[in-house]
Amino acid sequence: MATSRAALCAVAVVCVVLAAACAPARAIHVGTPAAALFEEFKRTYGRAYETLAEEQQRLANFERNLELMREHQARNPHAQFGITKFFDLSEAEFAARYLNGAAYFAAAKRHAAQHYRKARADLSAVPDAVDWREKGAVTPVKDQGACGSCWAFSAVGNIEGQWYLAGHELVSLSEQQLVSCDDMNDGCDGGLMLQAFDWLLQNTNGHLHTEDSYPYVSGNGYVPECSNSSEELVVGAQIDGHVLIGSSEKAMAAWLAKNGPIAIALDASSFMSYKSGVLTACIGKQLNHGVLLVGYDMTGEVPYWVIKNSWGGDWGEQGYVRVVMGVNACLLSEYPVSAHVRESAAPGTSTSSETPAPRPVMVEQVICFDKNCTQGCRKTLIKANECHKNGGGGASMIKCSPQKVTMCTYSNEFCVGGGLCFETPDGKCAPYFLGSIMNTCHYT
């Protein structure tokens, strides 16, 4: 899936320490040829390949993943690894289909630190263990499929929990609405949870449809056009804001214990062959995957977080993974975020006077005659995310997102349908027709 190193997945939490009893690396499938294991893998997961060349490549991928599995097992005595449904994929294929892309999260932290409200947490009394699944705030595990939409599943899972904890019924909400409609993110090519919250606030008054009325269909990597059929779509929840949570695990635990599941980003490179137990040596090189933090347990020998993934219930511990607390394992403490739901809100009933308007964003646009944004310049202030009629039957809109500004013109006065769009870096000079342009976003 598709920008900083900050935060881009059920069974009851129990204190299970698998200790050194887990099979050491050399003991995993010892004595069984890789070709025989591959044949068993194909039968188990119904794999059939079109050509001999593809079969040979898939076998090579499988053998490489066996090596990686044994390496992970050797470093993680409290976890168990094994052959999973991903084993015929190359590392590059796995990353492209199931991870978000480091570039997105690398820019996100810088942008978020500058522009988003930070939440405070009471660190004085953090419970020893919390599991929001036991309290009814978590929907069943879902499956993103071969689509880099983890960001949408992370954001939606967080909203589901926040909606429930604001006093409403737990309802499964639509990831497809974000994947197909959210033009601040990139569908199956990746995205960010904070941008998803922003898009909802700026384009739907914070409303998110139910999964039943707008089901997920992008598991094969195809993203259909956005559906706006008001007769078929049902609003399931509404958010009125979002927050950044302190990037320390103690602050995260305190906030989660009081407020519910947290959308986080992490490095999921160690997850391909994970089966069960607690990861204690998780790769932490770059953020590449969005997940949902639903609980933790500090009562046993190895304290751990409980994380809801979006790879289906046949992965990990019925769709979940446990990761050691206290050492920023998998970089999980670097991008913790949450939507906010007003307790009095009810789906489809709020008015503009009841829900605070999104924070205004102004764009300072400088258009110049030269190529360096220095000569013959004209400066204009434009309100972002608002349709501006141009007087000739058309209109334009300008939008801000991390590190870029998008300008679109439309042949209608409502800024709907396909527009002609042009992107520039935020706050940097760029070529523009025979001269240059610089768009700078100001968050008021």
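Here the Cβ of each residue, glycine as well, is placed from N, Cα and C on the backbone.
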Among C181, C188, C226, which cysteine does Swiss-Prot link to C147 through a disulfide? C188
Using Cα positions only, nearest of the recorded positions to C150 (active site) (C188, N228, H289, N309, N372): H289
Here the 10 Å Cβ neighbour count for N372 (N-linked glycosylation site) comes out at 10
When the Cα-Cα distance from N309 (active site) is computed for each of the recorded positions C188, N228, N372, which gives the smallest value? C188
Is C150 (active site) helix, strand or coil when read with DSSP? helix
